[in-house]
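Chemist: The structure is given below, and queries will be raised subsequently.
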Amino acid sequence: MTNTQTVSPARPLTRPVAAPRPSRRDRGTRLLATLFLAPTVVGIVVFTVVPIVGSVVLSLFHWNVIDSPSFAGTANYREVFTDSTVRVSFLNTLVFMVFAVAAQLLIALSLALTLNGRMPTWLRSVFRSAFFFPLVLSAASISVVMKYLFNQDFGVVNWLIGLVGISPVPWLTSEHAALATVIIVYVWQQFGFSFLLFIGGLNNIPKEVHEAASLDGATGLRKHLHVTLPLLSPTLLVATVVGVINALQVFEQPYVLTNGGPGDSTRTVVMVIYETAFEQLRFGEASAVGVLLFVLIMAVTALQFRLSRRFVHYQ
Amino acid sequence: MTDSNLTRRTLLRYGAYGAGAAALAGTAASWDRLTGSDIPGRDDGSLTVATLGPAYGPEAIRTLTEGFRNVHPDIKLRINAVQAVDWSDFFAKILTQIAAGTAPDLVYVATEGVQLFAKSLGVPLDHYVRRDAAELKEYFADVHPSLVESMMYEGRLYQLPVEFNAADMYLNRQVLQRAGADFPAPDWTRDDFTALLRGMKKSSGSQFTPYFWTNRLWGGVVPWLFAGGTNLLTESKAPGGAWLWDSFYPAAEREGRGGGFRWTTPQATDDRVEEAYDYLASLIQEGLCTRPEGGNGQNLVGVFSTGRVGVTPAGGFWAGGLHLAGMKADAFDVQYFPRWRTQRHQFGAAGYALLRTSRKQDEAWEFIKYAARRDTLMRLFDTNQTTPARRSMLTAGRYEESGPRHWQVFYDTLDKFPDTGPIPAPPQVAEVTEVLLKYTGTALASPRSVRPALRRMQGDLEKAMERDV
Amino acid sequence: MSRVSPLSQASLSLSRARYSLGPWARIVALAVCALLTLGPVIWTVSTSLRTPAQSFDLPPKIIPTHPTTEAYRGVFDQIDVWLLALNSTLVTALIAVGQMVTAGLAGYAFARLEFRFKKPLFGLVLATMMVPLQVTIVPVFLVLKSMGLTDTLLGLIVPAFPTAFGTFLMRQYFLGMPKDLGEAAMLDGAGPWRIFRSVYAPLAAPGLAIVGVLAFNYHWNEFFRPLILETSGQNYTLPLGLVSLQGNLGTGSISVVLAGVVLSMLPAVAVFVVGQRPLREGITSAGVNR
């Protein structure tokens with residue numbers, strides 16, 4: 001994966017006129033690029049590309065780990081396509097992704113913008129730490145806590161809404177509410193991630209611009225839309241792309257909170273992969289589902305980059 | 001560019017250099033830790049045993065290892081406590097090791113995985129048991145045949161059970177008192193049970209639910225299926241096993257024993273199964289019972305010990321749990337599961353399975369015997385977080401501090417109801433469990449959904465059981 | 001950037017007059033959100049300080065009437081906190097530093113250097129984020145086995161060095177910096193290395209801080225990889241150790257379990273507090289070009 005052998009016809013770097021000795025500079029650039037990319041690319045090839053190729057190959061085999069694999073052709077894919085659980089899990093995951101990412105970005109962005117207004121520095125630090133805090137916890141342990149808080153009969157949440165006269169909601173045990181609850185718990189923990197990115201992105205915008213833009217009131221909002229957002233768009237792209245990729249692989253929260261139920265209402269694709277591989281010992285089929293998920297994520301990400309050309313502004 | 005920027009930048013740079021140097025020095029200093037070369041005796045060809053982490057803490061591991069060294073100084077032993085939260089995590093770990101050819105010699109396996117391991121991975125212990133029959137007489141005399149039978153598959157024995165838990169009923173004494181109800185009799189019926197729940201409901205405020213349960217294979221719907229005289233899959237016994245029963249158990253206890261259970265045809269649409277679900281649905285309708293949550297019930301001890309729940313099914317492992325949760329010995333008690341058509345109970349047991357891939361099978365067998373010894377188990381199970389498989393270990397002294405008062409129930413469940421059996425766990429257990437949990441959730445999520453859910457459960461179970469594992 | 005400034009100056013003076021009402025409403029709104037966010041955390045901390053018997057009280061008593069640190073003593077009694085913390089610290093710190101290096105370099109290359117196969121290579125890097133760990137863990141284990149790295153801490157660390165997310169973030173970061181800085185340096189005769197080192201790298205601190213903080217958080221709490229890769233108790237990390245507190249079949253005391261959770265989140269909190277400064281100081285970098 002090196003670029004040293006790329007003896008391309010000396011391509012102009014940025015401004016051909018400005019460069020005194022373009023060919024040496026080009027070589028220097030390529031060498032630097034090679035050195036800079038080497039750790040990442042080598043690591044990725046060894047620890048990710050090889051395993052990915054491995055699982056793509058595996059998706060063409062029947063394998064239960066114990067016996068040696070037997071060739072299956074496309075049988076795993078056919079099986080997976082007709083499996084209703086797999087289909088439902090893809091649907092769940094897409095619904096989850098749309099709502100979780102939208103909520104996460106919206107909350108994080110409005111908090112980051114609001115926080116960027118004028119206020120004492122210590123207060124800003126306190127708020128910033130508070131919003132970031134859930135990210136510090138492990139998803140699995142906090143889901144155990146959340147499971148108690150959202151319990152229909154003894155949970156704090158139902159007690160709280162009971163104070164204002166709302167009757168108890170079966171947060172985790174109703175097919176209609178469970179996915180929404182999983183989304184709430186996920187967003188609660190994850191919005192700090194986008195929040196942090198936005199804080200960093202806002203910091204990169206020159207002071208006058210966001211001071212002006214973060215003023216309150218209706219005009220303030222408009223200024224955000226026209227001034228801050230375009231400048232923040234590179235960060236917005238990171239937050240969206242990574243948010244989508246992460247959301248499409250959600251596992252811990254539904255696994256702990258509902259174990260996929262009631263019925264299949266909160267079963268996500270990665271849960272199906274995990275169950276198929278490590279509980280049912282059907283590694284071939286699990287890999288096939290994994291490959292499908294990979295293709296889906298890749299398509300969604302490519303789409304985002306395509307759209308981003310219209311919306312993202314680099315300086 | 002101002003001066004302050006310059007200094008800050010310089011500072012940042014030196015800061016970065018410093019951090020880098022510190023990282024390098026730290027890395028060098030801890031190289032042994034990073035490569036694991038400071039761990040004594042690894043990869044030295046020890047006998048390796050994989051246990052479930054939470055069940056066997058560091059203290060227990062030390063006890064086991066040291067005790068074994070005293071008995072067999074010539075066998076090097078390594079116990080790896082797999083820090084898995086549940087059985088699927090545990091399997092994920094073990095399976096990866098098997099795939100890489102670094103599988104342990106022995107794996108701690110519960111009823112859920114007994115037949116799966118036996119069928120594809122395990123080694124039967126029959127010839128070892130025959131060989132060391134004299135030595136094992138005392139063990140079998142102390143362990144109920146139902147437990148032993150649950151570790152058999154197609155006539156062969158695959159594990160020596162060391163612990164088990166039957167699903168009995170735990171009752172919160174304070175809630176009983178509030179309801180003005182007596183402690184139920186051992187032969188209480190399902191109707192007594194319903195009446196008790198109604199009494200509890202009436203005498204308690206909001207944020208209280210009389211009956212609480214978790215949607216899982218052990219202790220979920222299955223106890224009700226057993227009490228209703230049915231099972232999720234048709235149940236029969238494999239032939240064989242006489243070699244074991246004849247040499248270790250008296251005629252009375254041999255009666256009806258076979259070579260392990262066979263779970264075959266799904267019967268989710270059976271009238272009795274439907275009736276069990278209808279009963280649970282009616283409890284939920286009446287507000288006597290919670291809708292079952294998925295998962296492993298980590299909050300269960302908490303809600304029960306704080307009086308938010310009156311009754312819940314659990315086994316001997318709860319005595320220690322409630323004690324840890326600060327419940328006084330007389331604040332709760334345990335009784336048999338109520339009688340419906342039958343009073344058959346369900347249980348799960350666990351022991352060590354010997355893997356086919358092991359090259360130290362003889363040494364492994366020595367460990368199996370050692371792990372089943374009374375003195376070993378006495379040291380291991382001192383906090384009552386499970387029920388020992390050895391009857392002689394259940395004594396008044398053991399339960400004096402933790403309670404419950406009717407601790408005899410734990411083991412007597414096996415004696416009093418000889419048909420008591422393991423949860424249905426054929427080799428296809430993973431998929432069966434998933435289907436069961438999935439449609440139990442749907443069936444009880446809203447009224448009138450029992451029938452359609454069970455129909456779909458039946459279809460999926462049939463598909464699951466056709467699969468060759 | 002200079003083209004925006006006059007505009008913002010104008011808007012600043014325009015809305016000065018309406019400023020007086022804003023801040024309080026804003027602070028109250030933020031405070032409410034912060035409370036909602038911290039609620040579950042506060043509940044967790046306060047429950048870890050209560051006796052198990054009071055753990056599920058409703059209304060929840062935020063300030064325990066009889067606070068007790070018994071649960072924390074329980075944690076230290078039941079697991080070897082120090083060894084676990086040492087392992088976790090080694091693993092997480094090295095991963096964080098490693099990721100900052102790899103992501104900083106690769107991100108810069110993708111943003112500011114021209115070379116062949118740039119797009120496909122960047123696609124490859126991003127693609128590595130798209131495969132769930134559960135799918136690749138068995139092949140990864142086999143690769144590590146062939147390198148003799150299973151059941152070592154290095155086996156956890158080295159594969160985590162390349163970071164698709166970090167690379168992507170740093171790429172966006174460098175892309176967000178004004179191009180004319182580098183061009184000016186180039187006109188002064190600076191080579192590509194000098195442009196990186198003297199012009200852009202110093203501006204990257206806030207971005208790198210985000211990469212570091214997020215890497216620390218993620219790997220500090222990581223459970224599945226350590227579960228599969230580490231076999232010896234001496235190599236366990238904190239999240240693995242904490243599992244012991246749950247007891248056999250979930251019978252552990254909830255207070256002790258939560259005390260473990262609270263203890264394990266402290267270092268991540270500390271890292272965030274330390275990381276706040278470079279995060280905030282992103283401002284200075286922007287100051288350079290004005």
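Any Cβ shown, glycine's included, is placed from N, Cα and C.
According to TrEMBL, the protein carries these features:
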- A:90-304: domain 'ABC transmembrane type-1' (DOMAIN)
- A:1-24: region 'Disordered' (REGION)
- A:31-61: transmembrane segment (TRANSMEM)
- A:94-115: transmembrane segment (TRANSMEM)
- A:127-150: transmembrane segment (TRANSMEM)
- A:177-199: transmembrane segment (TRANSMEM)
- A:231-251: transmembrane segment (TRANSMEM)
- A:286-305: transmembrane segment (TRANSMEM)
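Looking at the shown structure, what environment does each listed feature sit in?
Modeler: Residues 1-4, 69-74, 76-77, 283-285, 287-288, 290-291, 294 of the same chain lie 6 or more positions beyond the ends of the transmembrane segment (A:31-61) yet place their CB under 8 Å from a CB of it.
Note on the transmembrane segment (A:127-150): residues 108, 111, 115, 156-158, 171-172, 181, 185, 188-193, 195-196, 199, 252-253, 255-257 of its chain, located 6 or more positions outside it, place their CB under 8 angstroms from a CB of the stretch.
Sequence-distant contacts of the transmembrane segment (A:231-251) (same chain, at least 6 residues past either end, Cβ-Cβ under 8 Å): 93, 96-97, 100-101, 104-105, 108-109, 182, 186, 190, 193-194, 197-198, 200-202, 204-205, 209, 268-271, 274, 293, 296-297, 300-301, 304-305, 308, 311-315.
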Chemist: Hey, which bits of the same chain come close to the transmembrane segment (A:94-115), Cβ under 8 Å, at least six residues off its ends?
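Modeler: Residues 124, 127-128, 131, 179-180, 182-183, 186-187, 190-195, 197-199, 202, 214, 224, 228, 236, 239-240, 243-244, 247-248, 250, 268, 300.
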